[in-house]
Amino acid sequence: MSAPKKVVLAYSGGLDTSIILKWLQTEYGCEVVTFTADLGQGEELEPAREKAVMLGIKPDNIFIEDVREEFVRDFVFPMFRANALYEGLYLLGTSIARPLIAKRLVEIAAMTGADAVAHGATGKGNDQVRFELTAYALDPAIKVIAPWREWDLTSRTRLIEFAEQNQIPIAKNKRGEAPFSVDANLLHTSSEGRVLENPGEEAPDYVYQRTVDPEKAPDTPEFVEITFEKGDAVAINGEAMSPATILTRLNELGGKHGVGRLDLVENRFVGMKSRGIYETPGGTILLEAHRGIEQITLDSGAGHLKDSIMPRYAELIYNGFWYSPEREMLQALIDKSQEHVSGTVRVKLYKGFARTVARWSDHSLYSEKHVTFEEDAGAYDQKDAAGFIRLNALRLKLIATRNARVKG
């Protein structure tokens, strides 16, 4: 394959992606286009523009975009309709952001006439897979460059030397090894590596950046009411909000009460186990509330089927198959299940916990007259249960009879 002439780089403005930018220019002699996404990571992004210009990028080749609303509306919310948890615990905060970034890389490549895209994911992690599967799903002819799999800059010392040789500014706090690496967006903050690599040691307090220590959270609980329409949150405490605004507000509430901390050893798609510290305050509240509204609006058959496919759906997202036909097929089933998932849930926030305490809906299937312990005025005839039990017991009785005969 011929060397690329123009490359769109996923660019944060940090030291590593600045080194990648310069490496692409020197190694491939290509024109570089940068894309920086505002996913709600909480960083000022204009310095990324200034740094790109300083490194020789034409102003027209610098793309900085606020994609927070698209991220929550088109990626986070569809995932939350499924109550997706990878390995029963992980809310997929990093996994769900990668398809959007890769999608924009491919779209910008088409807009600018670039023939390749590049990312800064290492050769050991899942992100390289997620970026590249998305790129190839959207443009089979695109070339993907993964510098960490190609170059010889295999140590922090070599990276610093390359930066100094190429006049790339290095902040004083970037010269040494960071105690851990951080990835953040509006859904979560992920911390991995170095001081966290020994799973037998508790993570130090300074790792947590988005949530207060639950033991130091307010001594008074706080209640929040979340309104849903067809499975998506649309209002908080009666106030209609955009998707990104809802998640931002829930992050503030959850962080204040120490909600959403997770210390997890997970199975990476590439074959190894890794330890991560995840903070997902708003997402944890949202998941709890969504489950709460489903409890009264979703039929048991549909709900149990939906629960059974959730692990596979979550695994597809974790492994990078957002744009696969099987994920889209499952999404259609999940979205169908949400047609009546509308109503309001009250969640109690207290010292690390988010717990549903009330829920109501015009679409509710809950019938108090059927379930009451008091007189039900004929709504339910308890004698009907006898035939129901006899029919369900029939096969068990036949099995027991057979077993007794065989043993005899």
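Using the three backbone atoms N, Cα and C, a Cβ is placed for every residue, glycine included.
Marked as ATP binding site by Swiss-Prot on the basis of sequence analysis: Ala10, Tyr11, Ser12, Gly13, Gly14, Leu15, Asp16, Thr17, Ser18, Ala37, Gly120. According to Swiss-Prot, the L-citrulline binding site annotation covers Tyr90, Ser95, Asn126, Arg130, Ser181, Ser190, Glu266, Tyr278. The L-aspartate binding site annotation in Swiss-Prot covers Thr122, Asn126, Asp127.
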| query | From the Cα of Thr122 (L-aspartate binding site) across to the Cα of Asp16 (ATP binding site), what is the distance in angstrom? | reply | 11
| What's the CA to CA span in angstrom from Ser190 (L-citrulline binding site) over to Gly14 (ATP binding site)? | 17
| In terms of DSSP three-state secondary structure, what is the assignment for Ser181 (L-citrulline binding site)? | strand
| remark: Tyr90, Ser95, Asn126, Arg130, Ser181, Ser190, Glu266, Tyr278 bind L-citrulline per the record; greatest CA separation between any two, in Å, is 19
| remark: As a whole number of Å, the Cα atom of Tyr90 (L-citrulline binding site) is distant from the Cα atom of Gly14 (ATP binding site) by 27
| field | Residues close to L-aspartate site centre defined by Thr122, Asn126, Asp127, Cβ within 8 Å | value | Ala121, Lys124, Gly125, Gln128, Val129, Arg130, Val270
| request: Drop a 10 Å sphere on every Cβ of the binding-site residues Ser18, Ser95, Ser181, Ser190 and tell me which sphere holds the fewest other Cβ atoms. | output: Ser181
| Based on Cα coordinates, which of the following binding-site residues are within 10 Å of Ser95 (L-citrulline binding site): Ala10, Ser12, Gly14, Ser18, Asp127? | Asp127
| Pairwise CA distance, Gly120 (ATP binding site) versus Glu266 (L-citrulline binding site), rounded so that it is a whole Å | 22
